Amino acid sequence: MREVWTTSRIRAAEDVVLARTQSGALMRRAAFAVSVRAARMLRERTGRVTGRHVVLLVGAGNNGGDALWAGAFLRRRGVGVTAVLLAPDKAHPEGLSALRRAGGRVVLAQDVGDVPAEADLVIDGIVGLAARGGLRPDAAALVERATAPILAVDLPSGVDPDTGAVTGPAVTAAATVTFGAYKPLHVLHPAASHCGDVHLIDIGLRPELGEPDTRVLDPDDVATRLPLPRPADDKYTQGVVGIAAGGSTYPGAAVLTTSGAVLTKSGMVRYAGSAADVVRARWPEVIATGSLSDAGRVQAWVTGPGLGTASGARETVREVLAAGVPVIADADAVNLLAAHPDLWDAREPGTPLVLTPHEREFARLAGDVGHDRVAAVTAAAKRYNAVVLLKGHSTVIADPKGHVFVHYTGRAWPATAGSGDVLSGIIGALLAAGIAPLYAAACAAWLHDSAATIAASGAPVPASLIAEAIPAAIRGLRVSA
Ligand SMILES: NC(=O)C1=CN([C@@H]2O[C@H](COP(=O)(O)OP(=O)(O)OC[C@H]3O[C@@H](n4cnc5c(N)ncnc54)[C@H](OP(=O)(O)O)[C@@H]3O)[C@@H](O)[C@H]2O)[C@@H](O)CC1
Ligand SMILES: Nc1ncnc2c1ncn2[C@@H]1O[C@H](COP(=O)(O)OP(=O)(O)O)[C@@H](O)[C@H]1O
Ligand SMILES: [K+]
């Protein structure tokens, strides 16, 4: 499991560690790691290290200090180093003298000429944890002139460390070396796509950090939670999934949602609704009925995709919420809950609920997401006493206690019509298997994305093929676990 802390928590831990370490030791450790990564990038990209030229972009604080020290270490390996100072009066004094002692060149940003364009590698030490807003114009102009790959120190300058928002010019790095802990920007869209490969360097903060603010599941975490049939199981004991989705207008949504559930786990899937014939034709193993009252017992309900918002749909959502089993409410079920607050009263107290809006559905339910997706989703989860999964290039999942998972892979294959329906079915299957709602939603996001990647294999595919790749995604997880 990858763990993520906000900048205030990281600073607090840094203060504790700084108080018991020799002055400057932490920075030199961080900077040495940057120099090692820089040398590796030079070798990989140009064939050698000695004789190559690195340009440091140096801002007003310790992030610039890291870059200056890294430059000093690179000088010792025979690399030509030029530091470009954006704030000469505030450049880290020890870092600056270390670089000068090692024979590095120092120029002011206004005198920089062609220096950035001549580099084999650029190290971005403009701003780190203290970053606010996009790059300022002088820094942005400098970054624009750099044609070589950029190695970001701690984070690509210009992005917001805690929200991952990019509201102005920002560095796009080939790689990032970060210290002590992952920060939210490393896993949140759009900042995450500015980072390149992220390398975490241990500087001894972990014992002081406490519980993480956000978590990211690894394949192993998903693999150990996925339900597989055990010797004593039969079709009922694994948790029966109920699908109350789609209808005569959108029968495809019924099929796609059912596909997600059928292909995620063994056991039984029931369908209730006016697309019963279409569902039965595609999945003969599904027990399909025309109405909820005929559906029989289930251990979790999936509702919403393709349901519409007419009065019949409202009744379906009401009945499902009252059924006393975990519910995943997607798409039109979210819209109905937003438009008819009385529907919340139908919910059997204490039964788990997972809401899976995309941004527009989220806005209808809880207001604009804004720049801080984690804060918005966490607040909605508390307000509705539900697990909320906000879809998108980074999927954010929160529970009412403030536990947060983020799923980010940098791939966008799931962005196709109907793929959210498949996701709902996967979540329903995991809920019915008894997996805790937060984990059911987070594991489902992972599995869905993995299935999309396998199905796509480099070319766009529709949602039905994403569903068909679910078994391959599960097999892949089990092999890697
Ligand atoms: N503490 C430790 O032990 C360790 C710390 N470490 C390192 O320290 C880093 C944090 O350093 P930090 O706190 O000195 O601030 P930092 O991020 O360098 O900002 C400097 C100044 O930039 C400015 N600025 C703000 N926004 C801007 C923008 N958009 N565009 C341009 N400029 C902008 C603003 O100054 P202003 O101009 O507003 O006065 C701000 O004060 C951390 O990320 C890690 O790399 C490591 O060595 C490990 C050990
Ligand atoms: N740019 C993107 N990158 C990665 N995943 C995306 C992107 N856009 C959407 N997705 C994912 O695709 C799915 C789309 O769901 P949704 O918007 O409900 O579509 P639909 O209603 O057509 O099924 C979600 O799982 C979402 O997280
Ligand atoms: K930086």
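All positions are counted from 1 along the displayed chain.
Note that Cβ sites are derived from N, Cα and C of the backbone, with glycine treated the same way.
Unlike curated entries, TrEMBL annotations are predicted automatically.
Marked as (6S)-NADPHX binding site by TrEMBL: 62-66, 128-134, Asp154, Ala253, Gly306, His358, Asp421. Feature annotation from TrEMBL assigns K(+) binding site to Asn63, Asp124, Ser157. Under the heading AMP binding site, TrEMBL lists Lys391, Gly392, His393, Ser394, Thr395, Gly420. What TrEMBL records for 10-211 is domain 'YjeF N-terminal'. Taken from TrEMBL, the feature domain 'YjeF C-terminal' applies to 218-477.
On the structure: features taken from TrEMBL.
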{"residue": "Asn63", "record": "K(+) binding site", "DSSP class": "helix"}
{"residue": "Asp124", "record": "K(+) binding site", "DSSP class": "strand"}
{"residue": "Arg132", "record": "(6S)-NADPHX binding site", "DSSP class": "coil"}
{"residue": "Asp154", "record": "(6S)-NADPHX binding site", "DSSP class": "coil"}
{"residue": "Gly392", "record": "AMP binding site", "DSSP class": "coil"}
{"residue": "Gly420", "record": "AMP binding site", "DSSP class": "helix"}
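Site extent for AMP: the farthest pair of Cα atoms among Lys391, Gly392, His393, Ser394, Thr395, Gly420 sits 14 Å apart. Comparing Cβ neighbour counts within 10 Å across the binding-site residues Gly65, Gly392, the minimum falls on Gly392. Among the binding-site residues Asn62, Leu129, His358, the ones whose Cα is located within 10 Å of the Cα of Gly392 (AMP binding site) are His358. The 6 Å Cβ screen around ligand 3 retains Asp124 from the binding-site residues Gly65, Asp124, Leu129, Thr395, ordered by sequence position. Ligand 1 lies within reach of Asn62, Leu129, Arg132, Asp154 from the binding-site residues Asn62, Leu129, Arg132, Asp154, Thr395, judged by a C-beta closer than 6 angstroms to any of its atoms. Listed in sequence order, Leu390, Lys391, Gly392, Gly420 are the same-chain residues at least 6 apart in sequence whose CB falls under 8 Å from the CB of His358 ((6S)-NADPHX binding site).
With a cut-off of under 6 Å between the Cβ and any atom of ligand 2, the binding-site residues Asn63, Gly65, His358, Lys391, Thr395, Gly420 reduce to His358, Lys391, Thr395, Gly420. Cα-Cα distance from Ser157 (K(+) binding site) to Leu129 ((6S)-NADPHX binding site): 9 Å (rounded to the nearest whole number). If you take the C-beta of Asn63 (K(+) binding site) and look for same-chain residues 6 or more apart in sequence within under 8 angstroms, you find Gly125, Ile126, Val127, Gly128, Leu129, Ala130, Val153, Asp154, Ser157.
The two recorded residues, Arg132 ((6S)-NADPHX binding site) and Ser394 (AMP binding site), have Cα atoms 21 Å apart. Annotated pair His393 (AMP binding site) and Asp124 (K(+) binding site), C-alpha to C-alpha distance, rounded: 25 Å. Least crowded of the binding-site residues (Asn62, Ser157, Ser394, Thr395), judged by neighbouring Cβ atoms within 10 Å of its own Cβ: Asn62.
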